[in-house]
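The block underneath contains the structure these notes are about, expressed in C-alpha cells.
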Amino acid sequence: MIAPSILSADFATLADEAAAVGDADWLHVDVMDNHFVPNLTIGLPVVQSLLKHTDIPMDCHLMIENPERWAPGYAEAGAYNVTFHAEATDNPVGVARDIRAAGARAGLSVKPGTPIEPYLEILREFDTLLIMSVEPGFGGQKFIPEVLPKVETVRRLVDAGELTVLVEIDGGINADTIEQAAEAGVDCFVAGSAVYSAEDPAAAVESLRRRAAAAARHLRI
Ligand code: DX5
Ligand code: ZN
C-alpha cells in the first residue's frame, strides 16, 4: 500500500492535491502542533474539510502532545486510521481504545530512536504500527535504514500469527529506498516528496507500488 503525504503538497489546493494521487491506498495527513515537533501544520478543521473532498481513506499521523485530548476527534470526523506517538502519552492503550470506540483504526508511531520491544505487548490493541524512518517534523529528509530491524521484528510476529498489526513506514521513502523497506516487511509506505515532487503524482504512486511489490515478491521466493 502507498500513502502519499500531503505535507509535500500545496496546502492552498488540498482537494486538488488529494485528487492528483489517483488510486493511492491511503492519504497521509501530518498533524503537527509545534510542541511535540518543531513544526506546525494543520488540525481538525482542515481535516474535516478535506474529508468532504476525497474518497481515499485518510491516515492521520498526529505528531502532537496530549493525544488523549485530541486523537478521538479525528476518528469522529471520519479519518480511517488515526496514529499518535508512543512518546507523547503514558496511556497508549487508553488512547487506542478511544480511537477505536470513535470508529477509526488505531495506530501507534515510534520515532527512529524509540525501541519497539516495550510496546510489543500492547500492539494487539492497535491496527497499525507506524515506524518513523526520519525524525518527525519535516518532509524531504534522508531515510534512516537503522530502523529496519524494528520492521523485521514486528513482521516476524505478524507472520507467526502473534500480532495482526499493519506495518507502516514514514520518512525518506522513494524509488531508491522503498525496496529495502519492502524486503524488511513493510505493508504500507508513506511517501511525501517522492510523490508530490513528481511531474505526475499518480504515476509516482504506481511506480513506487510496483517497486515495493517486486521487492516483496523476491523475498517470498
Ligand atoms: C514527517 C512526516 C512525513 C513526511 C514524509 O514528520 O511524518 O509523513 O511527510 O515526507 P518524505 O516522504 O518527503 O520524507
Ligand atoms: Zn507522517
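Just so it is clear, glycine is given a Cβ too, placed from its N, Cα and C backbone atoms.
Remember, TrEMBL labels are computer predictions, not curated facts.
Owing to the predicted nature of the structure, the values given are computational and were not obtained by experimental measurement.
Quick look at what TrEMBL annotates:
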| type | residues | note |
| --- | --- | --- |
| BINDING | SER5, HIS61, GLY137, PHE138, GLY139, GLY140, ASP170, GLY171, GLY172, GLY192, SER193 | substrate binding site |
| BINDING | HIS28, ASP30, HIS61, ASP170 | divalent metal cation binding site |
| ACT_SITE | ASP30 | active site, proton acceptor |
| ACT_SITE | ASP170 | active site, proton donor |
Original post:
Per residue, counting other C-beta atoms within 10 angstroms of the C-beta, which of the binding-site residues GLY137, GLY139, GLY172 reaches the highest number?
Top reply: GLY172
**OP:** Name the one residue among HIS28, ASP30, HIS61 whose Cα is closest in three-dimensional space to that of GLY139 (substrate binding site); these are the binding-site residues.
**Re:** ASP30
Subject >> Cα-to-Cα gap, HIS28 (divalent metal cation binding site) vs SER193 (substrate binding site), nearest whole Å >> reply: 12
Subject >> Residue pair ASP170 (substrate binding site), HIS61 (divalent metal cation binding site) - Cα distance, angstrom, rounded >> reply: 10
Subject >> Between HIS61 (divalent metal cation binding site) and SER5 (substrate binding site): CA-CA distance (Å) >> reply: 10
**OP:** For ASP170 (substrate binding site), just count the other CB atoms lying within 10 A of its CB, please.
**Re:** 25
Original post:
Roughly how many angstrom lie between the C-alpha atoms of GLY137 (substrate binding site) and ASP30 (divalent metal cation binding site)?
Top reply: 9
